[in-house]
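A short worksheet on the structure shown next.
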Amino acid sequence: MRHILNLYENINSTARNNSDCPAVILPEEIFFTVSIVGVLENLMVLLAVAKNKSLQSPMYFFICSLAISDMLGSLYKILENVLIMFRNMGYLEPRGSFESTADDVVDSLFILSLLGSICSLSVIAADRYITIFHALQYHRIVTPHRALVVLTVLWAGCTGSGITIVTFSHHVPTVIAFTALFPLMLAFILCLYVHMFLLARSHARRTSSLPKANMRGAITLTVLLGVFIFCWAPFVLHVLLMTFCPADPYCACYMSLFQVNGVLIMCNAVIDPFIYAFRSPELRVAFKKMVICNWYQ
């Protein structure tokens, strides 16, 4: 998120000069390659669900929502590299009106990726909760139409929030609100997961067993959430340190890893489709059919 980083650019430069930790610079080719792979993998997920009627259920609609979030995160870096390339070639005026507008659009994709991921994980958690504890009423409660309506509302809210955050990103309160949103929403998801597993254990004691497919879905969500925290938390911590201790040498030492944290965000989009395929036999079969059909064509 370039605008947020520019808020403290001068202070961070001074802090790095006082720190013994040099900034870790990664080749742009690494970002570009990982981003391309992330876009292609998540595009395969979307195509697999679109082409297979057996996968067109609320659960896979929510997975597609998460895949779109991951894809937006990858597209952010691709578009940013394209803008940098055009500017270096002289096609864009440095800090001109068009570049500023393009930066706002690209930054909106980045924020939208984060907000979309959090909202998608939240709605998937709610879906798994209903699946486990209201299995008999699940198909009546969670219908494809209702799932699409929920996703439409969520993405409309995420889009509005993303535009607002980018528009007011030059203000420190916006930065604080942005960084606070991540732990607050994750705390909500974690509480829901803990509540879900505690009820699952209690329910299993009373009824001897729970449907293995439902519990497999809950475990898949736990893995997805763990990967999401691992990949995004370093960046959020970077923004927090930049907000509260920008001139501290120790904070500056961590902030020297900013590009490494950026690669982790890109890796999230690459890892998630492997989790889908590994944990979902139906999706794995759909991937195999797509690959085989394309190979023989």
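Every residue gets a Cβ built from N, Cα and C, even glycine.
Given the structure is predicted, the values throughout are model-derived calculations rather than measurements.
Quick look at what TrEMBL lists:
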type     : residues : note
DOMAIN   : 41-276   : domain 'G-protein coupled receptors family 1 profile'
TRANSMEM : 30-50    : transmembrane segment
TRANSMEM : 59-79    : transmembrane segment
TRANSMEM : 108-126  : transmembrane segment
TRANSMEM : 147-169  : transmembrane segment
TRANSMEM : 175-200  : transmembrane segment
TRANSMEM : 221-244  : transmembrane segment
TRANSMEM : 256-278  : transmembrane segment
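Using a cut-off of 8 Å between Cβ atoms, the transmembrane segment (30-50) and the transmembrane segment (147-169) share fewer than three residue pairs, counting only pairs 6 or more apart in sequence. If you look at the transmembrane segment (147-169), the same-chain residues 6 or more away from its ends with a CB under 8 A from one of its CBs are 1, 3-4, 7, 58, 61-62, 65, 104, 107-108, 111-112, 115-116, 119-120, 123, 175, 177-178. For the domain 'G-protein coupled receptors family 1 profile' (41-276), the mean pLDDT of the prediction comes to 81.
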